[in-house]
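Pulled from Swiss-Prot, these are the features on record:
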type	residues	note
SIGNAL	1-28	signal peptide
CARBOHYD	Asn63	N-linked glycosylation site
DISULFID	Cys91-Cys340	disulfide bond
CARBOHYD	Asn266	N-linked glycosylation site
CARBOHYD	Asn380	N-linked glycosylation site
CARBOHYD	Asn415	N-linked glycosylation site
CARBOHYD	Asn422	N-linked glycosylation site
BINDING	Pro508, Thr510, Arg515, Ser686, Thr687, Glu737	L-glutamate binding site
TRANSMEM	553-573	transmembrane segment
TOPO_DOM	574-602	topological domain 'Cytoplasmic'
INTRAMEM	603-618	intramembrane segment
LIPID	Cys621	S-palmitoyl cysteine
TOPO_DOM	622-627	topological domain 'Cytoplasmic'
TRANSMEM	628-648	transmembrane segment
DISULFID	Cys750-Cys805	disulfide bond
TRANSMEM	824-844	transmembrane segment
TOPO_DOM	845-894	topological domain 'Cytoplasmic'
LIPID	Cys847	S-palmitoyl cysteine
MOD_RES	Tyr877	phosphotyrosine
MOD_RES	Tyr887	phosphotyrosine
Amino acid sequence: MARQKKMGQSVLRAVFFLVLGLLGHSHGGFPNTISIGGLFMRNTVQEHSAFRFAVQLYNTNQNTTEKPFHLNYHVDHLDSSNSFSVTNAFCSQFSRGVYAIFGFYDQMSMNTLTSFCGALHTSFVTPSFPTDADVQFVIQMRPALKGAILSLLGHYKWEKFVYLYDTERGFSILQAIMEAAVQNNWQVTARSVGNIKDVQEFRRIIEEMDRRQEKRYLIDCEVERINTILEQVVILGKHSRGYHYMLANLGFTDILLERVMHGGANITGFQIVNNENPMVQQFIQRWVRLDEREFPEAKNAPLKYTSALTHDAILVIAEAFRYLRRQRVDVSRRGSAGDCLANPAVPWSQGIDIERALKMVQVQGMTGNIQFDTYGRRTNYTIDVYEMKVSGSRKAGYWNEYERFVPFSDQQISNDSASSENRTIVVTTILESPYVMYKKNHEQLEGNERYEGYCVDLAYEIAKHVRIKYKLSIVGDGKYGARDPETKIWNGMVGELVYGRADIAVAPLTITLVREEVIDFSKPFMSLGISIMIKKPQKSKPGVFSFLDPLAYEIWMCIVFAYIGVSVVLFLVSRFSPYEWHLEDNNEEPRDPQSPPDPPNEFGIFNSLWFSLGAFMQQGCDISPRSLSGRIVGGVWWFFTLIIISSYTANLAAFLTVERMVSPIESAEDLAKQTEIAYGTLDSGSTKEFFRRSKIAVYEKMWSYMKSAEPSVFTKTTADGVARVRKSKGKFAFLLESTMNEYIEQRKPCDTMKVGGNLDSKGYGVATPKGSALRNAVNLAVLKLNEQGLLDKLKNKWWYDKGECGSGGGDSKDKTSALSLSNVAGVFYILVGGLGLAMMVALIEFCYKSRAESKRMKLTKNTQNFKPAPATNTQNYATYREGYNVYGTESVKI
């Protein structure tokens with residue numbers, strides 16, 4: 001019974017093959033079923049699904065104009081690391097009598113597969129990386145990227161960059177880049193990353209390149225490896241503005257770019273699949289409806305470009321056999337397919353016809369125009385070039401063999417600008433008086449109405465000119481923006497722009513070189529410089545003799561010597577000039593009848609001193625020079641005193657009515673030379689960066705002190721720095737922008753002041769992300785506001801109109817006020833001293849006179865004992881003359 005059953009099965013099998021053979025040779029020897037092979041490696045699950053689905057689409061959508069043939073497939077999975085597995089898989093396909101093989105290869109399996117194909121004349125259609133080797137029977141579905149990469153390197157003018165390549169695919173491109181580098185004098189650092197298994201090694205490579213100040217990377221790897229590298233880029237914070245990554249891969253939309261996009265780095269890539277192609281859209285519509293149990297990674301995973309190449313490979317195979325069928329080429333296999341390991345190898349006779357037909361195919365697929373050269377390489381194809389911006393990816397142009405790279409016009413940029421009108425722009429800023437402050441009733445308000453200040457008004461005016469909607473966002477860390485020297489990550493408002501969390505920064509943000517490298521600035525809306533803030537010193541009490549301050553000590557000494565000199569000269573010329581002498585009156589009785597009278601002279605030494613003093617005090621006296629020489633002396637002395645007194649009076653008003661404050665510091669040089677007063681800056685900002693980078697000796701000395709000072713002289717916020725100045729009792733100076741310094745001087749308690757000039761010159765600018773479409777519009781708005789004078793009006797409004805220290809009170813070290821007793825106390829002291837001296841001299845004169853009179857009376861009494869007493873009038877006259885001679889008052893006439 002079993003034998004009969006077995007014989008029945010053998011008969012049925014024989015009948016089946018007989019019918020199949022008759023059907024297979026019904027059209028001039030062309031089979032009705034074309035068997036193709038499939039070789040798939042690991043990580044090609046979706047490609048395997050796309051392969052089977054493409055065959056299914058062809059078999060269910062036949063061209064009715066020709067007698068249809070069906071595609072049949074045989075699939076083997078190979079382990080590329082095992083050469084025996086590769087050989088066994090290929091021989092399995094060859095022994096089945098397949099007409100062509102579709103499959104993948106890598107660097108290890110490529111030589112084995114291409115050798116078998118060449119020896120056995122079996123065509124191998126592959127979407128794997130293209131090779132420059134002139135191999136036969138290999139149809140390369142993937143276009144070469146070498147020309148496109150070189151075109152973009154020239155377009156972006158890269159002269160210094162890093163080339164990270166996969167060992168399996170990068171040698172041909174590496175050779176082309178190195179040849180171009182020699183011709184164009186490029187600096188290229190090439191690193192192979194194909195054999196790296198540890199992700200930490202990627203991180204070490206990126207850190208090493210960053211230490212070399214490398215900002216541009218060309219990454220030539222498969223999608224999975226690119227995703228791994230970009231993940232490390234994000235972790236290290238190297239995806240900020242200023243970095244540019246060119247991804248040498250045809251699946252730009254397959255790469256995970258969401259995290260990198262928000263960092264602000266510029267990313268350029270290539271895309272072979274045009275998602276706007278109706279064929280692509282139709283395929284995807286069917287693709288997403290597939291049962292994922294039958295077609296893994298079809299429904300919930302995006303279509304890879306390698307899957308699209310797989311679909312197109314089936315189109316190419318089908319089109320080639322259509323051509324062979326139309327040409328009535330006999331491609332049928334008769335008998336056994338043979339042994340692939342035979343020595344010598346026995347090639348398939350029809351294999352050359354199939355290879356020729358495959359190379360002659362020209363069809364439109366999901367990857368565009370599909371056409372091959374004589375070596376089976378893609379030709380006459382177009383690759384789209386994409387750029388990743390903060391707002392997303394956009395098509396930047398295209399590349400083909402004839403036109404090379406063709407960038408798109410700025411229409412896309414204008415569209416971005418137009419779209420900004422329809423969305424709310426995020427404006428990052430910082431709480432800093434008077435730029436941005438909370439209103440007193442801010443808790444009852446919402447949105448932008450909660451804030452007030454210079455930058456709030458400026459943002460409103462800019463938005464009005466640019467015609468955008470915006471919302472103010474206070475930066476979370478309260479910092480302006482600096483890059484961490486270790487992690488290289490930007491903080492503050494600059495970080496908000498760099499990492500895509502804000503669109504504009506309207507704040508007192510200084511325009512610096514390091515910031516300009518990662519963000520764009522408008523023209524300055526305010527000019528300023530670094531200045532020194534100290535606590536306002538106590539008003540110096542005027543000295544007792546402050547009335548002497550209008551003239552220097554040297555001038556007073558010269559006046560004293562001039563006074564003495566003029567008096568002596570006047571005395572001498574009066575003695576020498578005969579016109580200063582005159583006879584006594586005839587009515588005057590001579591003192592001694594026996595001696596001739598002496599002609600008197602009014603300008604003795606004491607009278608000369610008295611005359612000079614009276615003229616200097618502008619009071620005059622009873623005597624005046626009579627001679628020409630004496631009058632010349634008096635005239636020049638009067639002229640001298642006129643100028644001196646006028647100058648003194650003019651300065652006296654200012655010195656007595658102005659309270660002066662003595663500042664211990666007047667400049668940065670004063671700070672650098674001393675050690676008693678500490679000084680510092682904001683911990684994160686352009687002021688600190690200025691001192692860190694400065695090459696001026698004074699500033700280098702100051703930076704050396706600041707970075708090593710204990711406790712730290714750096715403050716987290718400006719308010720902390722101001723508070724430290726106020727509490728330090730004059731022992732701390734704060735270095736900050738001059739505009740902020742001037743503003744704080746105008747605020748109560750009015751105890752700070754700006755000293756010295758500005759240390760540098762710079763400006764505040766409105767910042768936008770690198771390459772932002774808003775940059776030009778914002779820049780024009782700032783220029784227009786400046787020309788209209790609105791920027792000056794805003795500064796006056798928030799600095800001086802709302803000042804709390806009086807007009808100019810915080811701006812000047814000198815303050816005019818009413819005179820106090822201390823200002824003129826010295827004058828009263830001199831008055832009291834003069835009165836006291838006069839009383840004392842009078843007392844001395846009285847005592848002296850009394851004593852002299854007593855002696856005279858005794859002498860007279862003794863004389864009377866020897867002589868008769870003289871007449872009374874004669875005695876009185878003699879007494880008077882004696883008294884006169886005692887005092888020597890020659891100017892009195894008797």
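Counting starts with 1 at the first residue shown.
Just so you know, glycine gets a Cβ as well, placed from its N, Cα and C.
Report note: the L-glutamate site is defined by Pro508, Thr510, Arg515, Ser686, Thr687, Glu737, and the residues of the same chain whose CB lies within 8 Å of the CB centroid of those residues, excluding them, are Tyr480, Leu509, Ile511, Thr512, Gly685, Lys762, Tyr764.
Glu737 (L-glutamate binding site) falls within a strand when secondary structure is assigned with DSSP. Recorded residues Cys805 (disulfide bond) and Arg515 (L-glutamate binding site) have their alpha carbons 36 Å apart, per Cα-Cα distance.
Among residues of the same chain six or more beyond the topological domain 'Cytoplasmic' (622-627), those with a C-beta under 8 A of the stretch's C-beta atoms are 570, 573-574, 577-580, 602-603, 607, 611, 633-634, 891. Reported as a whole number, the C-alpha separation between Cys750 (disulfide bond) and Glu737 (L-glutamate binding site) equals 18 Å. Of the candidate recorded positions, Asn266, Cys340, Asn380, Cys621, the one lying closest to Thr687 (L-glutamate binding site) when CA atoms are compared is Asn266.
Mean predicted confidence for the topological domain 'Cytoplasmic' (622-627): the pLDDT average there is 78. Looking at the residues that bind L-glutamate per the record, Pro508, Thr510, Arg515, Ser686, Thr687, Glu737, the two CA atoms farthest apart are separated by 17 Å. Broken down by DSSP into helix, strand and coil, the topological domain 'Cytoplasmic' (622-627) contains 0 helix, 0 strand, 6 coil.
When the Cα of Pro508 (L-glutamate binding site) is compared against those of the recorded positions Asn380, Cys621, Cys847, the shortest separation belongs to Asn380. Ranking the recorded positions Cys91, Cys340, Asn380, Cys621, Cys847 by the distance of their Cα atoms from the Cα of Ser686 (L-glutamate binding site) places Asn380 first.
A distance of 24 Å separates the Cα atom of Thr510 (L-glutamate binding site) from that of Asn266 (N-linked glycosylation site). Closest to Cys91 (disulfide bond) in space, going by CA atoms and restricting to the recorded positions Asn380, Arg515, Cys621, Glu737, Cys847, is Asn380.
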